[in-house]
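*Asks:* So Swiss-Prot lists these for the protein:
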- S100: active site, phosphoserine intermediate (ACT_SITE)
- S100, D241, D243, D245: Mg(2+) binding site (BINDING)
- S100: phosphoserine (MOD_RES)
Amino acid sequence: MGRMFGTDGVRGIANKELTADLAYKLGKAGAFILTEGTHRPKILVGMDTRISGDMLESALVAGILSVGAEAICVGVIPTPAIAYLTRKYNADAGVVISASHNPVEYNGIKFFNKNGYKLSDELEDNIQALIENNFKDVPVLTGENIGRKIEEDGEAIRDYIDFAKSTIKGDLKGLKVALDCANGASYITSVEAFKELGAEVHVINNKPDGININRNSGSTHPEDLIEYVVKNSCQIGLAFDGDADRCLAIDEKGNLINGDFILAICGKELKKQGRLKKNTIVVTVMSNLGLDIAMKKEEINTIKTKVGDRYVLEEMLRNDYAIGGEQSGHIIFSDYNTTGDGLVTALQLAHIVKESGKTFSELCSIMKELPQVLVNAKVPNDQKDIYLKDEEIKSEIDTITKNLDGSGRVLIRPSGTEPLVRVMLEGENQGEIDKLAHGLAKLIEKKVK
């Protein structure tokens, strides 16, 4: 069997790939591995608004209870809320049933350890090994040793809203905000937090029906929010994904503001407050070169990691950095939470807009995004490193890099799931880099034939 866990837990089409049987096994194995040696462990369970959530929750919880753990079910709640509340409630682990920004037919199961962090590869492998070994040496419990399910009555949502509000000083009175909840897990928390802080709140896509999560809405489809912000003269628009661990923004002119701009604006603000540890932000190799250029002007360092918020977080923890994230809107504020948190990000941005006295578009002028071109080159899986070995390809990359002369770059990334490498070029001239990227992709394809 291949590796069960992907970069963000176990994910697949619900009832076909991610079945109730698999959810039961994950609950049983996860509870056993994560709570070994604890007398009566507590595991927090939350989910997004997908129709398959109830089915998977029932199965997952059955697995948790079968090994003697208690399952505290908090219902529909954002992923970052589970990360935070696992710590706050001194739970032994947390689990979220969600497929984030994916369409409704997908679902996923993601574990957090007792400190609110995603699991290490090693722990995930231990969970998978236990399932594959058919739960060898796991005792069969009976009678009073079986765990209980505890239905939580709304306190968790209240605690998370209070926590999110506490991450800004002051209020948002006088700010006109539009929120797009993607018909997902943030449909209560984000709206309440902004209202309680005094903002004038306008909301779209906050009526989940089990099947409309992420449908033409949220951070993956911000078109409706863009139109809404402009039409209703809002000062800022904020779009969440299905489980609200990411956030993208819209300025008052209707421009989409991605995670690079959010990192630039928040990084500058943290520096101003003397809270930007080591004067550094953590980004991935896919962040726009324009962010590096902007941060250099602000005398802020950028550290680059592999793509994926787990790698950003690893780097932040290793060197105690305060902020990091991705273009997609996964932004991590290590002073506040242990994972990307859409609501915390949204509140920081809104607060900066209010306190600055500037328009959001003026704040975004901190950075000029360089044109970026991405071309896929088809390459057999066993030849994905050809760009590191072939002399002609290496020479072409060097020539392009030299010609871009510091105002652009070449980045080649092998796909982790498909037989291709991604050729990415950035530079000031869109036409020029488009031609160069396609030329380089063709050369790579020619060399593997």
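Just so it is clear, glycine is given a Cβ too, placed from its N, Cα and C backbone atoms.
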*Asks:* What count of other C-beta atoms do you get within 10 angstroms of the C-beta of D245 (Mg(2+) binding site), across all chains shown?
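*Replies:* A count of 33.
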*Asks:* Just the number: how many Å between the Cα atoms of D241 (Mg(2+) binding site) and the residue listed as 'active site, phosphoserine intermediate'?
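*Replies:* The residue listed as 'active site, phosphoserine intermediate' has its Cα 6 Å from the Cα of D241 (Mg(2+) binding site).
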*Asks:* Among the binding-site residues D241, D243, which residue has its Cβ surrounded by the fewest other Cβ atoms within 10 Å?
*Replies:* D241
*Asks:* Measuring Cα to Cα, how far is the residue listed as 'active site, phosphoserine intermediate' from D243 (Mg(2+) binding site) in Å?
*Replies:* 5
*Asks:* Compute the centroid of the Cβ atoms of S100, D241, D243, D245, then list the same-chain residues not in that set whose Cβ lies within 8 Å of it, in sequence order, for the Mg(2+) site.
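*Replies:* What remains near the Cβ centre is D48, P78, T79, S98, H101, G184, A185, F240, G242, A244, R246, G340, G342.
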*Asks:* With every protein chain in view, what's the tally of Cβ atoms within 10 Å of the Cβ of S100 (active site, phosphoserine intermediate), excluding that atom itself?
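*Replies:* So the Cβ neighbour count for S100 (active site, phosphoserine intermediate) comes to 27.
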*Asks:* Check the residue listed as 'active site, phosphoserine intermediate' against DSSP and tell me helix, strand or coil, would you?
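*Replies:* In three-state terms, the residue listed as 'active site, phosphoserine intermediate' counts as coil.
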